[in-house]
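Annotated features in TrEMBL:
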ACT_SITE  Glu315  active site, proton donor
ACT_SITE  Asp389  active site, proton acceptor
ACT_SITE  Glu417  active site, proton acceptor
DOMAIN    36-154  domain 'Alpha glucuronidase N-terminal'
DOMAIN    158-477  domain 'Glycosyl hydrolase family 67 catalytic'
DOMAIN    479-702  domain 'Glycosyl hydrolase family 67 C-terminal'
SIGNAL    1-30  signal peptide
Amino acid sequence: MFRRIVAAAGAAAVAACWLAGMAYAPQAHAEDGYDLWLRYRPVQAERTGDYRAQAAQLVAAAATPTQAAARDELLRGLAGLLGTAPRLSETVTRDGAVIVGTPSSSPLIAKLRLHTLALGREGYLIRSVSVEGRQATAIAANDDIGALYGAFHFLRLLQTGQPLQNLDIRESPRVKLRVLNHWDDLDGHVERGYAGASIWDWHKLPDWLDPRYADYARANASLGINGTVLNNVNSKALSLTPMYLEKAAALAEVFRPYGIRVFLSARFSAPIEIGGLETADPLDPEVKRWWRAKAGEIYRLIPDFGGFLVKANSEGQPGPQDYGRSHADGANMLADALAPHGGTVMWRAFVYSHEEPDDRAKQAYSEFVPLDGKFRDNVMVQVKNGAIDFQPREPFHPLFGAMPKTPLMMEFQITKEYLGFATHLVYLAPMYQETLEADTHRRGPGSTVARVIDGSLHGYALTGMAGVANIGADRNWSGSHFDQANWYAYGRQAWNPSLEARDIAEEWVRMTFSNEADVVAPVVGMMMGSREAAVDYMTPLGLHHLMGRGHHYGPAPWIEGGPRADWTSVYYHRATGEGIGFDRTASGSNAVAQYAPPVARRFGDLEQVPEQFLLWFHHVPWDYRTRSGRPLWDELVHRYTRGVDYVRQMRETWRGLDGRIDAQRHAQVAAFLAIQEKEAQWWRDASIAYFQTFSGRPLPAGEAPPAHSLDYYRSLEFPYAPGDGR
Ligand code: BDP
């Protein structure tokens, strides 16, 4: 009963915002970014006639919530894009029909015999067909959700100005689980969130369903994201109590029509905290029983519950090692509780111990590789892209390729914890692509990280990719207009890890800003170089982890002391009067040995190491000759300055687009770019002032000295920087 009421409320919310004409009233309100890439503003005038002719009629059933979602999206989208909604019809009565459905939902699709079987449950095809002599476009799938994904793809064709003739598109996801991780606390705070408070209004759930939840689901479904972990990995046991499970269930009701399953982060010590047990030892029969009962309780409320995400024995979180058990013991116990219901455990490999004196970059590999083959079939180990922590640039994590018997899933960060928060324009798809294309060499050349993640390298039965969300209650969802591109790109690359960052950027710009070539090209250009620029002005040449303590805002390469060495900056850069960099070769921590031999040789050899990882793997003297011919110190300064210059150029480019983009969004981006320039300069100046105390060298000719003294930079404090961990 309860569930039915919520479902009705959810459907009402969708209908309400549909009727309110969110996309039906183009330009009725200034663009504030709420509509994301689903703006559905009128297409270019020269396309309108053709598109109207191709999409004059819509044949779409609405017998299930997912079918209704596809039909409503097509009506909404086409009405917005073409100025007039297509006519709904049961059959094709004229040229220019769009037919959407599955062989079971649509007699027409069944009759067309379109060979959908090989597309799997979530795949779809979009094909130009003829129905009794009338020209039509079929969007066909095996399952309603595939048809919904196909509907979004079809709309994207119009949104990006593609021709609709002779279509023959077949798509299926390369990765099975494409999930967002929300680091949202139950009190509304978002850890590492820069887009305001959490969008989950826990207090008013389950009775009030913010219409935003349905828009969230639409946006995710438009990318093929099919899972969401609602709560922070640093989780509270409270989220597993009946009161909060009802709230999670209400969200699951809203998301279900859009193919999105709900997951929860589970606190390992929950049996003690909310179960009244004395232990959370995974081998204790009482503990096992408690989790089995908890799983049963969850599935009664959320029949398609996805499973648990677990951060254990990491950064002070409880875990199986508290009882002398392994990560596998812990993960398997939870996996056994979920298995009867079809749930999955995503066990994080982001672990490093409180006591361990070893190089932090080595610890996950050391702990997890010996456990390969010891996990249950419904466990995935979730690995961050790099071995430290979401730095502007990291070499790929050595675990990728090293656990052939354990499905490893990727964890990328979409929110920009170490990349300038919301105000820096940093397009992350080139970073995702760089990791996915990296070659682990574990099964010879071509053993890319993408092939580990999509399961093709080791034949994984489960595959997945997680993105730590940048979504919050800000009107524009992501904290800035350009940060929407990172949510978008993550979703697209999770669907297909081989997509090119540039192509994704172009799609997004066309959908978000404009289809005009002289807008698209410069904006894509800005985006494509933006991540490299951030690397330059923050952490060039393989430097890493030099941000402000705790909040990670701004430069602080001078951080030392405190509770643990690997939470300081000096631990990572190791600058002395002689040189700089972390020796991870055989003469140092030997972290290079965790890679396959050809990769280890390349990273470990000064002659061969890609210069972007120079100081990640090597400690080199200040006068070391870099590939440009400049001594290391000069090269560092050169790169810091180059980063700042790039931001200055982005500002120029953006200024040139004044009048070409709606005023409200243009103005906010311009203001944020100004902040970015100021902060890039701050990064450069503070870093140079600090490292010069070691190098003792003058600035290269033509380089401006830092604007302030080192003492000034060191004195800056930011007690209220957003997103802090707790
Ligand atoms: C780090 C964050 C911290 C997270 C941690 C994690 O600083 O807030 O809890 O990662 O991934 O990046 O668990």
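Heads up, residue numbers simply count up from 1 along the chain you see.
Positions of Cβ are set from backbone N, Cα and C atoms, glycine also.
With DSSP classes pooled into helix, strand and coil, the tally for the domain 'Alpha glucuronidase N-terminal' (36-154) is 48 helix, 27 strand, 44 coil. Minimal Cβ crowding within 10 Å, among the active-site residues Glu315, Asp389, Glu417, is found at Glu315. Each residue contributes its Cα atom, and for Asp389 (active site, proton acceptor) and the residue listed as 'active site, proton donor' these two points are 12 Å apart. When the alpha carbons of Glu417 (active site, proton acceptor) and Glu315 (active site, proton donor) are compared, the span between them is 17 angstrom. Mean pLDDT for the domain 'Alpha glucuronidase N-terminal' (36-154) in this predicted model: 97.
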